[in-house]
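Student: Submitted below is the structure of interest, expressed as structure tokens.
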Amino acid sequence: MALDGERGEQEEEKKKKKKKKKRKKKEEEGAEKSSSPFAATMGEDDAALRASGRGLSDPWADSVGVRPRTTERHIAVHKRLVLAFAVSIVALLAVTMLAVLLSLRFDECGASAAMPGTDGGLGGFPERDSNSSFPGSARRNHHAGGESSQRESGEVGTPGTPSAQPPSEEEREQWQPWTQLRLSGHLKPLHYNLMLTAFMENFTFSGEVNVEIACRNATRYVVLHASRVAVEKVQVAEDRAFGAVPVAGFFLYPQTQVLVVVLNRTLDAQRHYNLKIIYNALIENELLGFFRSSYVIHGERRFLGVTQFSPTHARKAFPCFDEPIYKATFKISIKHQATYLSLSNMPVETSVFEEDGWVTDHFSQTPLMSTYYLAWAICNFTYRETTTKSGVVVRLYARPDAIRRGSGDYALHITKRLIEFYEDYFKVPYSLPKLDLLAVPKHPYAAMENWGLSIFVEQRILLDPSVSSISYLLDVTMVIVHEICHQWFGDLVTPVWWEDVWLKEGFAHYFEFVGTDYLYPAWNMEKQRFLTDVLHEVMLLDGLASSHPVSQEVLRATDIDRVFDWIAYKKGAALIRMLANFMGHSVFQRGLQDYLTIHKYGNAARNDLWNTLSEALRRNGKYVNIQEVMDQWTLQMGYPVITILGNTTAENRILITQQHFIYDIGAKTKALQLQNSSYLWQIPLTIVVGNRSHVSSEAIIWVSNKSEHHRIAYLDRGSWILGNINQTGYFRVNYDLRNWRLLIDQLIRNHEVLSVSNRAALIDDAFSLARAGYLPQNIPLEIIRYLSEEKDFLPWHAASRALYPLDKLLDRMENYNIFNEYILKQVATTYIKLGWPRNNFNGSLVQASYQHEELRREVIMLACSFGNKHCHQQASTLISDWISSNRNRIPLNVRDIVYCTGVSLLDEDVWEFIWMKFHSTTAVSEKKILLEALTCSDDRNLLSRLLNLSLNSEVVLDQDAIDVIIHVARNPHGRDLAWKFFRDKWKILNTRYGEALFMNSKLISGVTEFLNTEGELKELKNFMKSYDGVASASFSRAVETVEANVRWKRFYQDELFQWLGKAMRH
């Protein structure tokens, strides 16, 4: 038995060796076959067939028996087949060689199908459905076989033997430059001649653009941006001596929104060429590109066409090099019906009238400029006009009825003064001969700073003194100040790329406050209102683990829209303010003057700014490396919290530490970008020491380490320490509990020892530190006990803004009344002292008592919001009087408060009355507050009705619908309704607002920021998963915010209510 067993094993071993030899032979034969490109292709095709279900799956293939064919007849047949196969291979090789010699590429064959007059010629208008193909895009060439499917997917074949390795990114960019986010830089536009004909009766337009281009590097492709345009004809020519450059074809590549022109020969470097494109497109009903809007006058609906090109939408109106670095001059001509007028960046040079009722306006040539602030409009508006000291003509265009009422006079007046202010401050004259301000009914943003033609939504520029409050006047003023600043920061000097968009938006936002201080010095905006309206607001957002640096890489097309958020605007402004304060304002101003002078009509990056400012400091005898300091603030996300531990030794030394401030500490451990990182900032910490009657002079300490010891003069056991004086720095300050107690005692005994700004800063820091768990919950509530003695607006405003999110966290709790009563107790004394305003404005909004009136408004709003009985009674009486007499005697500065309170307290008839007034009024400021008042109702049926009406553009303007949804979400009776409506209508909302910069993020944040239960958090996460990748950054912030809300309630709400219970019993 044993021998038999050994023999069996030997026979088995022989069988295994035979099988191994056969397998090796087959593998060698297979390798020979696979070395042939044709065989490789066949193998790939076979795999593709199996993957698509048309080939046999593996189980089915295993069940098919192989039948031998060994007769001579079959062998002869096989020989003939092999011979035929060999002949076909030779023929294929010959054709391939011929194609190589003629430089024919498969992508050109596909492109030729898109040429006019050939198969696949262009015509008609672009489809509005983003999923459908664009006219003029790459179409299937039926004579090119399988290559067309490659072209449509962006994989364009090249002649030659297939490479075993995939192409590198550099190689891919060379032969597929249209697949890249950025244009290649081979071509540079020098000048555009753009001729448009607008057909307002059917909302279409035709265009012809001639672009003079300089060729930097030899190329056979002309790649420029184009989207939603139907290209009819493309021509390329050199100068007169050389003539036309043959065009092999052209196609649109929607993935990167470019038009690709394929040439039959290479463009030579260092030569100039002319590119001519004839196209047509729609005047869209959306809010981007060249779009239409309308208004009703005397019962007649009238239309207008207007543009919004920032950041990447000029390509929707004409083919162009649509990146900020590609500056060129523009000569625009617009043909339209004579019943309209046209506007653009420059004045009209000549107008040619035709017998058929059409006119062509030819505009003067622009200076060098980027495409995103090119603009034009076609409307039948009228205007008012003024002229600056330097001769700049300023006009305001608006609806004829608004011009007749004088609604644009205020904006016109301050624009003239602001141009003169900026010319003096920057020492750089305004660069164009005119500046037009255009007020339109519908626009995606408050305003757009197009050079020489700034476009505003009506609510942010038209002001009727008879119905506008001081708050509304302030809003209008600051928007105008912002946009006029852009004529220098953004238009004259433009960021190189969108990663540094804060270089224009941050400066414009900062100068909102500097410019308003020039107009109204008593308002003291930069030192006071900047804190609550910019610094405190953006630090809430930047305290999230999902935040991002103010300068962030833009790697994908979708990233461009994402950089336009409050981090770029408000954090950019806050960092600029910090920089101005530690440099000194006069040195900072001289640095800005040099920056604008050096880079005017060009582009600049952040390092250009840092170098210029460092040089300004050096000339003043100070040697600070601005780039080294500011890179930490612009290239790192978030901000630090400084903790000061006072008098730790007998030598008057304090310990100062810094760490990254995060609201939800749990989120910090989950955020990958924060793990194993050690954020450090160079922090200009200003500090004072004080007691009940005296405050030391200000000292500055540069903190650059995690922890540092410093000696402080005048420090004793009874003295307190205060850091970040007047909150000029972009960071929070925490103290040991003993120092907090000393500061609270100082506020209660004599709050005026601390400046107004310092009092507001203490309130905001305390609430934020408690919210994040750095402080006990009672500290901020103890601080606001002194408010009964506070006579200044800013600390009240800081307290109101800090209490608002806390109120929304608690407003659905059973013991909410304890918190409500505590706040009413702090408000009651000041409410009684100030009383209600009288309606005696006599047409003048700008009063010396601005601060007093804003304080009164803030206290009345708190009193009515938290249920003060007298406040409720007063609001109800004013509303009832208006309804019964049909005369509105409600004081202007509290109308929004009264409207909201009345709708909340009274019956459905009041809601219907406000709804009627919303439809009948023509004053844009009144219309806005009436619409918002409708969201205050306690009636859920009315709130649901309003939400549904908000999506009807004939009833509620597109830009106002977002505000309706957000305000319903802020109402505790409507929060769940708005959240459900948002989810149900998300596809509609995303389609409408998805491309409009941060409108989508505003909506997502506004609807979700006060969700605070485990169930709501789960709903949000599930909803986010179902739309994976859509608005992902905004949804990530929303999830983190709701997680922080849930976490705070879990860990801190009991602590808060326990302290409130004790406080209310004493």
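All positions are counted from 1 along the displayed chain.
Glycine is no exception: its Cβ is also placed from the backbone N, Cα and C atoms.
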Student: May I ask you to find which of Glu458, Glu505 Swiss-Prot records for the Zn(2+) site already listed with His482, His486?
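Tutor: Candidate in the recorded Zn(2+) site: Glu505.
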Student: His482 (Zn(2+) binding site) to Glu449 (substrate binding site): how many Å between their Cα atoms?
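Tutor: Rounded to the nearest whole number, the Cα-Cα distance is 9 Å.
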Student: Write out the long-range same-chain contacts of Ala447 (substrate binding site), meaning residues 6 or more apart in sequence whose Cβ is under 8 Å from its Cβ.
Tutor: Ser454, Ile455, Phe456, Val457, Arg460, Ile461, Val479, Ile480, His482, Glu483
Student: Within 8 Å of the Cβ centre of Ala446, Ala447, Met448, Glu449, Asn450, which other residues of the chain have their Cβ, at the recorded substrate site?
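Tutor: Leaving out the recorded residues gives Tyr445, Ser454, Ile455, Phe456, Glu483, His486.
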Student: Given the recorded Zn(2+) site (His482, His486, Glu505), which additional residues of the same chain have their Cβ within 8 Å of the Cβ centre, ordered by sequence?
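Tutor: The surrounding set, listed in chain order, is Glu449, Glu483, Cys485, Phe489, Gly490, Lys504, Phe507, Ala508, His509, Tyr569.
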Student: A 10 Å Cβ contact count, applied to the recorded positions Glu449, Glu483, Glu505: which residue has the minimum?
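Tutor: So among Glu449, Glu483, Glu505, the recorded positions given, the one with the fewest Cβ atoms within 10 Å is Glu449.
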Student: Given the recorded positions Asn202, His486, Asn691, Asn726, Asn948, which lie within 10 A of Met448 (substrate binding site) by CA-CA distance?
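Tutor: The recorded positions close to Met448 (substrate binding site) (Cα within 10 Å), listed in sequence order, are His486.
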Student: Spatially, which candidate from the recorded positions Asn202, Asn380, Ala446, Glu449, Tyr569 is nearest to Glu505 (Zn(2+) binding site), comparing Cα atoms?
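Tutor: Nearest by Cα distance to Glu505 (Zn(2+) binding site): Tyr569.
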Student: Using His486 (Zn(2+) binding site) as the reference point, find which of the recorded positions Asn264, Glu449, Asn450, Asn691 has the shortest Cα-to-Cα distance to it.
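Tutor: Comparing Cα positions, the closest of these recorded positions turns out to be Glu449.
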Student: Please identify, among the recorded positions Asn202, Glu449, Asn691, Asn726, the one with the smallest Cα-Cα distance to Asn705 (N-linked glycosylation site).
Tutor: Asn726
Student: Could you state the CA-to-CA distance between Asn450 (substrate binding site) and Asn726 (N-linked glycosylation site) to the nearest Å?
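Tutor: The Cα atom of Asn450 (substrate binding site) is 35 Å away from the Cα atom of Asn726 (N-linked glycosylation site).
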